[in-house]
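J.: One structure, pasted below without further comment.
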């Protein structure tokens, strides 16, 4: 009843908003989106979700029509409000303001102009954490997988590691399973435990409260130490990611992040200190935000149906994090395919900055970025804008970006990846809480 009452209130709010497209355009776009994302609703919920979708479609159009480096789209989160997204998929923000400027041990390396650890074979395929606030565990396994691969030298031994091992077994270190945790605490567990099991031997279930099933015989990697990056220093983060993939915490709370599709992500409203999501930096690059390139496998045709994707629960329970652990505790990408943490899409498929999506000409149809184009009208440029939130002055783009691996499956972003702005005052706090492990070569 509480959910239905909430949705009824949303109906009143969205029904009164000014519509940017015809009802036929909205309806066809929603129908196509529901088919693409295998979404079904009860009769009571359908109209509320439809109104939310319309509002998100308007937001995407407004943002993209301004032209810019960030392209939004009607992705897997297009039928939920930003408040639902925050409550259901992100943790309580961790305040990292006290960390800014904290000096850490210098990382002595001369960074290459560009780095992409996917191309080196050091990154496993995109995973999906499902209905569990365990992004901290995915960020941890990602950096540990990369460190192990690099330490293996000529063996080039890339092993997918078990997030469930961390969720079930690291609570005594201060982590809280599906309710939140920190990557650094997970590193401490792996060090003291003398290893972490492989994913194949300890598969992901997206469930909490299970008995620890770690077995020494199933260890896939070991680490001997970890190091924090100087907080707030993107130069230090670049030096670190020049050597290996790096675990980071970010502010992922804005609607622009929720509906991100491609391009270099820059959000003036992003906080550099209020961090609610753990992800993995797998490299960095530079390029014009208007250059064309692969759109991460998303069709630019007018149908917007794309490939079949996993259904996301729009009414899942929020994953609250325990105090001090929310920097990487967000419950992101909670799709119904939670029991499988690894998607079929291989990493390393993204290249270059993404361009806006082309629109079709069919009446009532939408482009891959969700722009209605009926009779050639209304789609806008589709090239994105860096200031959709309308807050703050927009800093000039450096054209530089971090290559970031998320854990929300391949139906979000560029096949599960996002290019985040680099060298723009630590946008979204990407360098505020960064750390990486050193693996044993054994």
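Just so it is clear, glycine is given a Cβ too, placed from its N, Cα and C backbone atoms.
Below are the features I grabbed from Swiss-Prot:
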ACT_SITE  135  active site
ACT_SITE  277  active site
ACT_SITE  406  active site
COMPBIAS  287-376  compositional bias 'Low complexity'
COMPBIAS  377-391  compositional bias 'Gly residues'
DISULFID  132-178  disulfide bond
DISULFID  169-212  disulfide bond
DISULFID  270-428  disulfide bond
CARBOHYD  228  N-linked glycosylation site
CARBOHYD  254  N-linked glycosylation site
REGION    286-396  region 'Disordered'
SIGNAL    1-17  signal peptide
J.: DSSP secondary structure for residue 428 (disulfide bond), reduced to helix/strand/coil, please.
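T.: The three-state answer is helix.
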J.: Looking at the recorded positions listed here (135, 212, 254, 270, 428), whose Cα lies nearest to that of residue 277 (active site)?
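T.: Closest candidate to residue 277 (active site), judged by Cα separation, is 135.
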J.: Using Cα coordinates, what distance in whole Å links residue 212 (disulfide bond) and residue 270 (disulfide bond)?
T.: 37
J.: Just going by other Cβ atoms within 10 Å, which of the recorded positions 135, 212, 270 has the emptiest spot?
T.: 212
J.: By the count of other Cβ atoms within 10 Å, pick out the sparsest of the disulfide-bonded residues 132, 169, 428.
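T.: The disulfide-bonded residues 132, 169, 428 were compared, and 169 has the fewest Cβ atoms within 10 Å.
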J.: Here's one to test understanding: among the recorded positions 132, 178, 228, 254, whose C-alpha is closest in space to the C-alpha of residue 428 (disulfide bond)?
T.: 254
J.: In terms of Cα spacing, which of the recorded positions 169, 228, 254, 270 are within 10 angstroms of residue 135 (active site)?
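T.: Hits: none.
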